[in-house]
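Following: one structure in structure tokens, then a few remarks.
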Amino acid sequence: MWESVALTLAGAAGNSIGKVLQKKGTQILPPLSFKLKVIRGYALNRLWISGFLLDMCGAALMLTALSQAPVSVVQPIAGCGLAILCVFSHFYLKEVMNGLDWIAITLAGLGTIGVGVGGEEQKVEEIPLFNIPWLVLSVVILFVLLNTWLHIYKRQRREQELTGPEVIEEVIYGLESGILFGISSVISKMGFVMSEMGFPKIVVPAAISCSVACSAVGFVYQTRGLKHGRAIVVSTCTSVASIVSGVVAGMVALDEHLPTAPTSRFFLLLGWFFIITGVILLVTSTRLIARLPKPVQKFLKSNMERSHSIRRPGSARGKDPIQSTTIHASSLHILTSPGKEKA
């Protein structure tokens, strides 16, 4: 189990750091296209190539972890990629972090330990095929309800000529993308399980292809939310929905279950709670601190942040609290697009 935890953390770190390096490398590159000159520019950019290779290695490690451990263990720990990215950004990109960020990272770390202690290897004897159609039907119905709600909400906004943050739209797009990301992990795991049960080996690449397609659709929903909404709301809903949907779908489609021992079950549930709480705090830390009393703000802000603010009054955190969160949100999933940067 601890080997799978380590693989998941390494994979999440590779995905997160790889995206930061790719984003940093593209600052001096033109938009990616199929032109030979552009492709050559990307291929010769060491920073972008390093990030791309790290991202691919991270994806391979995540698939390896999914082949060895339950989705209910891998998916929550994968959410700690946000915490890993924050630490990397702090030491490599010199990004300022406040006290609440460090508390969130600590919670995510404790949650990872809790999942590692409470999680147990589960041998799937047979896939409950009868549950899969019900799971698919439930997801379809949920998406129909969410999109119907979104359509009604948009129509009301147009009729009433409302302005300001489109909270419902942000939440719906975040939930939809997170659900698809969580289902994507379950599909990958299902391919490995079916292969072990004697199904043709083609099921593994087929499942991985379906998983990539599912993640791509989820990315489209996430980009829509980030384009017109606030990264804080969209990223939080995406992260939490991804963890919850992955765990629930794993239990329904793969017959995964909570540990039988009370102590193990307690540590696993506590680990899930800490990870989800840590992710939410990381995404919303700047906004939360801004709403706290002044003495508490001074206590939570580090000496580095205060000195940084004195030297650079127009710093990113002081000027636009969402900007830092947008960078963090870009690490959550497979791709990065200009749509996210506009968020």
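Glycine is treated like the rest: Cβ placed from N, Cα and C.
Under the heading transmembrane segment, TrEMBL lists 47-67 (among others).
Positions annotated as transmembrane segment by TrEMBL: 73-93 (among others).
Annotation comment: TrEMBL describes 100-119 (among others) as transmembrane segment.
Counting same-chain residues at least six beyond the ends of the transmembrane segment (131-150), those with a Cβ under 8 angstroms from any Cβ of the stretch are 168-169, 172, 175-176, 179, 183, 249, 252-253, 255. Positions annotated as transmembrane segment by TrEMBL: 131-150 (among others).
Among residues of the same chain six or more beyond the transmembrane segment (171-190), those with a C-beta under 8 A of the stretch's C-beta atoms are 63, 66-67, 70-71, 74-75, 78, 127, 139, 142-143, 146-147, 149-150, 207-208, 210-212, 214-215, 217-219, 221-222, 224-225, 229, 233-250, 253-254, 333. Summarising the annotation, TrEMBL assigns transmembrane segment to 171-190 (among others).
The transmembrane segment feature in TrEMBL is assigned to 202-221 (among others).
Long-range contacts of the transmembrane segment (233-254) within its own chain (CB-CB distance under 8 A, at least 6 residues past either end) are made by residues 70-72, 74-76, 79, 82, 124, 127-128, 131-132, 134-135, 165, 167, 170-171, 173-179, 181-183, 185-186, 189-190, 193, 222, 225-226, 272, 275-276, 279-280, 283-284, 325, 328-329, 332-333, 343. Taken from TrEMBL, the feature transmembrane segment applies to 233-254 (among others).
Annotation source TrEMBL lists transmembrane segment at 266-290 (among others).
The stretch from 73-93, 100-119, 202-221 that makes the most Cβ contacts under 8 Å with the transmembrane segment (47-67) is 73-93.
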